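In TrEMBL this protein carries:
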REGION    1-25  region 'Disordered'
DOMAIN    57-142  domain 'Histone deacetylase glutamine rich N-terminal'
REGION    121-158  region 'Disordered'
COMPBIAS  121-152  compositional bias 'Basic and acidic residues'
REGION    196-265  region 'Disordered'
COMPBIAS  196-212  compositional bias 'Polar residues'
COMPBIAS  223-234  compositional bias 'Basic and acidic residues'
COMPBIAS  248-263  compositional bias 'Basic and acidic residues'
BINDING   400, 402, 408, 482  Zn(2+) binding site
DOMAIN    408-723  domain 'Histone deacetylase'
ACT_SITE  534  active site
SITE      707  site 'Contributes to catalysis'
C-alpha cells in the first residue's frame, strides 16, 4: 500500500481552518510522510521522510493553537456580552429603585401636604362655626331685649357699666358723709366751686378760686338767673358786693402785715410757687404754702409740679403779683376744717407724685443697667485679644443611620469630643463663642456648580430639580451601602440632615472668617463638620461636600476686597478641591503639607510640580512628602518644612488674612491608611504660633480631617491655647537636636528646586534643609552677628569719613565719602 496516497486522503479529512477538531488522534511519526521500502533507496530518503513528518506535525500543532485562540476569543466575547447585559439589567434595577424611592417620598410628601390642608380647612370651618354661633347668640340676646316688656326689669347691663355705677354711688355717699361730718370743703372736685363761691359771697369775703375738673367761666361772668350755683342770702345788689370785694382785695394787698408775713419765704420757695402758678390754680398755691410751710423745698416742688396734669380753667391767675401772698379765706369759714379737706386732696397728689418718682427711678435704673450691659458687650466684642470659636450641635446629625462609628471614621463624635475638651480645659470661657449660620446657595456657588449646590445643598430629596438628570451628570456613581445613600465607599449621605449640616459648616466658617478679617476678633477656630478641602467644583469626595475654606476665601475677595489670602493645609491628605479652586488665581497662595508617596496615597494629587497655571503660576505650593512610612514623618520633619519652605514663602507673599485647613490626621495615633505619621499635638501648637505672626494675627483655623479622638482633642487644645497667647510647653531636646530624615530632605529639595525661581526666599533657606532646628537657629544667630558686625563697621567708616571731610586741619588725610 502506498503511504503517500493514505496521507493525502487523511489530509483532506481535516476540519476547516480556525476550528478545533472534536477528535483528532496524533498520527505516528512513521506515517507523517510517504516512505518507500524499495531497495535502492538509502538513508537520505529516510531522513527526508522523517523531516516531512516533523514539519507536518508542527503545522498541525500551529493549526490547533490557532483554533484554541479563536475559541478563547469567542468565549471572551460571550463573557463581555453577558457582563454588559447584566450591567444594563442592574442599572435598570437601580434606576427603578431610585424612581420607586422618589415616588414613595413624593407620595408621602403629598399625603402630608393633603393632611395639613385638610387640618387647615377643618380649623377654618371650626372657626366659622364658632363665629356663627357667637353671632347667633348676640342676635338672640338682642332680640330678647327688643321683645322685653316695659314692666319688666332690665338685667342686661354689662359688668363694666355695673362697676362704674357702683363706684359712682360709693363716691357720692362718701362725699355726702364727709360733708355732713366735717362741714368742710368736699373732696369731690364737682363741689369745690359751689362751696367756695357760696361761702365767699355770704360772708362778703374775696372769692376763693378752686381747682375744678370742668372748664368753668371766670368769676363774675355768671348770670344770676340761670348759671349762678347758689343764691346769696343778703338783699344787697351784686354791684355793691363786687365793690366791697374789690375794696377788700386792695386792702389786703396794701397791708404791711401781710408783706411782713410774706417776707420769710425763701427765694427757692418763691421760685417753686411761681412754677406752680404757671401750671396750676391760685388756690393750689395757697394750699401748698399752708401744707408745706415746714417741709423742704424738694417736696414742695414735687407737690406743685405734680398738678401740671390737671385742667387749668383760670389763665389769669398766673398774672398775680409775685410779691404778695395769695388770697385766703376769712373767718367766715373755719381754717382747720378747710385744711382737713385740702390735706386729703394733697395726700392724693403726694401719692401720685411718689408713684411717678418710683416709676422714673426704676426707669433710670433699667436704662443704666441696659447701657452697662451694652457697654460690656461692646467692650468684649471690640477686644482684639479675644479669639473666636464657632460650633453647633446640629452638625452632629450628619451621620449614617447604622450608628456604627467604626465603619465611618468621619462621625459626629469628633466635634463633640473637641468641644467637650475645650470646655473641660477652660479654654472656651476665654474665647468669644459666635453663632453659626447656614450658608446661602449663592455663597456655595462661588466655588461649586449650580447642579452640585442644588443636589447636595437642598433637602429633602432636592425638590427644585430633576434628581435623575443631576444624578446622570455626576462623575462618580452613587450606591446603597450600609443604611445611608453614599457618594462613594466612605462619604455617606443622610437625606434629612446632611445638607443642613454641610451648609451650616460652611456658613459658620464664613461667619468666623469675616469677624476676624473685619477686626471684631483677633483670630479663631471653627469646630465644624463635614470637612471640605476634598470637595471639587462638581464632585464630593473624601467625606467632603462643600469646600468651606475656599468659599470663605472667595467671599473675602468679593465682599471685603481682600487682595492677598494665604491658605495653609496641614491635613495629611492633599486638598485637591482647594487647589482646583485657586489654581490660576495669583491673589490666593495655597500651601499644602501632605503625604504624597509619588501619587500612591489618597487622593493621589499634590505633586511638587503642580505649581499653578496662567497668572497663578508659582502660587500653588505642594510640600509633598514621599517615602511612605519608612520612617514616618514627625515633628522634626514638619518643623524643617515650616522653617525652610512654608514660612519663607509666606513672609515673602505678605498675606492680609491666613486661613488654615486644619486637619489633624497627621498626628500620632492614626492607622497607616488614614495617615500613619507621628506628628505631636505640641508641634501643631508651635506651627500655629508661627502663623500668628502673619497678616497682623488675622488667622482662622477650620477643622478638616482627623479621626482618632484623643489625637484631635489634644491637637485642638494645643492650637486654641496658642491662639489665646498662652505659654506653650517647650519642645523636647531630642526633637530640637533631631535632623529630618532622608526622605523628608529629598522631598524638600524637590520643592525648593521647583519654586526657587518663583520665590527668592527659598534660595537662602536651601542651605539648611538637612539641619536640625537647633543647628539652624545657631546658624541664623551667627549670620545675624556677622551682619550686625558688618553693619556697625560700615556705620563707623561713614562717621570716620565725615570727620575727615569736615575737619579743617586734616588737609593731607584721606578723603572718604
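A Cβ is built for glycine as well, from the same backbone N, Cα and C atoms used for every other residue.
With a cut-off of 8 Å between Cβ atoms, none of the residues of this chain six or more beyond the compositional bias 'Basic and acidic residues' (121-152) come close. When Cβ atoms from all protein chains are considered, those within 10 Å of residue 707 (site 'Contributes to catalysis') total 22, not counting its own. Cα separation, residue 707 (site 'Contributes to catalysis') to the residue listed as 'active site', rounded: 16 Å. Listed in sequence order, the residues of the same chain lying 6 or more apart from the residue listed as 'active site' and placing their CB within less than 8 Å of its CB are 540, 541, 542, 543, 544, 573, 575, 576, 577, 603. Mean pLDDT across the domain 'Histone deacetylase glutamine rich N-terminal' (57-142) comes to 92 in this model.
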